[in-house]
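Reading through the structure tokens given below for one structure.
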Amino acid sequence: MAKIRIFELARSLNMTNPDLLDRLKEMGIEAKSHLSSLEDDIVEKVRQGVFRTEVEKPEKVEQKRVRSNVIRKRRQPVKSEAEPEAEAPAAQAPEAEEVTAPTAEEAVPEEAADADVSAKAETPTAPETPEEAEISVSEEAPVEEAADQVPPTDEAVDPAEAAPAEEESSPSRKKAKAKKHQAAKIIKFPDAPQRLSNKGVLEVVDDTAPADSPAAPAAATPAGEKDKKPSRKDRKKRGKTESVETEEAVPVKKKGVFKRKEIVEGVALYDRTRGRMRKKGKGGAKVPGGAKTQITTPKAIKRKVRINESISVAELAKRMGVKASEVIARLMGMGVMATLNQQVDFDSAALVAAEFEYEVEKASATEEELLELNVEEDQGNLKKRAPVVTIMGHVDHGKTSLLDVIRQSRITEGEAGGITQHIGAYKVNTANGEVVFLDTPGHEAFTAMRARGARATDIVILVVAADDGIMPQTIEAINHSRAAGVPIVVAVNKIDKEGADPDRVKREASDHGLVPEDWGGDTMFVNVSAKQKLGISDLLDMVLLQAEMLELKANPDKKARGVVIEAKLDPGRGPVATVLIHEGTLSVGETVVCGIHYGKIRAMFDDKGAPLDQAGPATPVELIGLGGVATSGDDLFAVGDEKSAKTVSENRQQKQRTEDLARKDSISLENFFEKMQEKEEKVLNIIIKADVNGSCEAIADSLQKFSSGEVKIHVVHSAPGTIIESDVTLASASNAIVLGFNVRPSPKVRALAAEENVDIRSYDIIYDLIDDIKKALTGMMSSTFEEEVLGRAEVRELFVIPKKGTIAGSYVLDGKIERGRPARLLRDGVIAYNGVIGSLRRHKDDAKEVASGYECGIGIENYNDIKPGDVIECYFLREIKPEL
């Protein structure tokens, strides 16, 4: 069922929101605010209730003059039919009352309203007396009243004050008073307060009925008075029955301007503008009670806040026009502890804004719309692309050597220690087509790199040495491939080596779910030798066969998308990213978004270093032009304009800042004791600088594994690039050591490090780096001690020797008693004293130790309270060095 909001219904009924809410309350309909929704049946009920015309019985109106230009009339209860009518027909008045028009200074404008108001003079249909003129009232159309309009307040009028007002029957006296104090009438409520002219005939039409409904017939009353139904505003004010009757100017003899009395009901007689103007005039009458201050409520269209993905608490409060403390209080009520400058997400901002009757909408398109993530692909535009193959396996099993043979290059010779410590992307032309290869590290420290390689690939070549079999990193590579849903081709390498056993590899692989095809499984096994260049063509044929089964296709005519394989900071070229294009075509000069960074591509190079203008699907490229060093594994998107790229980048940066602030440790009453205990821990602060971003990530992850309950590694800073002076300054301030991987500091940086007493360590092989940090952490840890009991002796007799104290004549029960060892005195199985054996004698000779079955004299240092029957237990503490 369709619904309509209250502010929309009020607009269609030409009413203000507060009036309609009051009307709904009178009708028994609950509504919290003008943003609430109503069902269709309730809306129809409200429309009928608003437009229904009620005809009441005429009531006698008693007029009282309060001021010279205001007459109050009080409705009297209708008399019963039994009472005789006391009033006789009034004689016809000779003519209407005459007053002169007020001066411009005395004219008082009314405040703005949305409906036009006009008055129409009616010809008297009944005889008039000189004291009372016939008053005609037309139905009042509903209008939106100004927010700060104040309803007239009732005044208690004494009979003594009312009597003189009724006795004023002389037209001359009325003329004099009207000339002095009469104010001009309003013919229209403008949108803004303005001064109205007092010239001409001003007429007022009552606006309590809809404009399209016919006016109710006026019933003639005694003395020419006409009955008037109480307005909705009067009913709201506790059923007040007083109405205000103002005097209009009657014909002025000089200018021929005719004015008459008319009832003005439901309109405020005082507002801010009118009050200010009356203070200027000397004869202006004061309104009793003054003006009531009301808070201006913005229109519904203005009660909206447009934000991006997040907004600060201070900015949200500013846009809603409320105090920031109130917004923080509402957030605390929702369980969100936020400060003035802290960012809140879109959902939290929407909930808080709803508390203040505001709506929240997104100011810009979403990231999915800007990056066109949900655009459906036309299958007719897809074309065949080259497969992406990742080579994975245990360290030193021959992965890079195998790739060397395929590429006919010598990569291994350039690797430090003969092991791969980066992820590389290469495109190879074979006899059967192009193949893109990704070479991943095999060391355990590069787990994240292998995971990224598995996610970015179509096929995995799992290299296993025939003489080693399945190793820990081999199992990890299998798990990464399964998690990515990528098919595996097993390459059994080093088959030419002595002790090679390909069948052993098949058996161990079968235990992990890789069953060979010749054993009834679905996994391809190929025997190869990178050193002897055996089986390479068979391996490529298997890879291309697997690729044909996958039917790999991509659309080269759309905006490019890719993934960052590796990123680094080049001193001469700036941020450099190795990207594998998945789909679309990337061109030089295009604007791209990559993680939290964006930029315009200035140059592209292939895996051999040749410049490129365009790169199609399944093409590894090295691009320059990003605003910062991208994170390995980030997705790259080509966008149409720089503005969209900047919007996406700023939103992502804001999210990252919010997450970083949330991760920062803060002290509270709940975690105070825990933080105090952490301060007692030994912390090794480290700054990591490497040649590429992936190496920084791998080193940081490996070192974090060494943290224990006693020692902890804190990575203060980690970034790609060479070691610079700011790194040394940061290390000096944070008491950290600087670890460089494949980078070297300049002589100037070394001099600064020596001056600041900062330790800089440079490594080329990750083995050495991890071992050194492990030794450093071990040295920081405290040793533990284990108690070992040497022997026990029973006290049988006591000897007191001057200057020596009490000597216990004892019998060694088991083990041995050694001089200088710690000992404890046991009495009835309870420890009576802990000390050290100070003296040990056997047959008047000092002894170093006494074995079991022998008698001896034992003296305990600084203790003489020994009794026969006590047991002396000798022991020592064995030191156990910590290990990580």
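Quick reminder: no glycine exception, Cβ is built from N, Cα and C everywhere.
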Among 293-297, 418-422, 498-502, find the range that Swiss-Prot records as region 'G2'.
418-422
For the region 'G4' entry in Swiss-Prot, name the matching range from 17-20, 289-292, 345-348, 493-496.
493-496
Taking 439-442, 655-658, 819-822 as the choices, which stretch does Swiss-Prot tie to region 'G3'?
439-442
Segment assigned the feature region 'G1' in Swiss-Prot (from 273-280, 393-400, 841-848):
393-400
What does DSSP assign Gly393 (GTP binding site), in three states?
strand
How many neighbouring Cβ atoms, not counting its own, are there within 10 Å of the Cβ of Ile495 (GTP binding site)?
18
Ile495 (GTP binding site) in three-state DSSP notation:
coil
Mean pLDDT for the domain 'tr-type G' (384-553), rounded to an integer?
78
Remote residues contacting the region 'G4' (493-496) - C-beta distance under 8 A, at least 6 residues beyond either end:
397-398, 401-402, 463-467, 502, 527-532, 534-535
Work out the three-state DSSP category of Lys399 (GTP binding site).
helix
Looking at the binding-site residues Gly393, Asp396, Lys399, which one has the fewest other Cβ atoms within 10 Å of its own Cβ?
Asp396
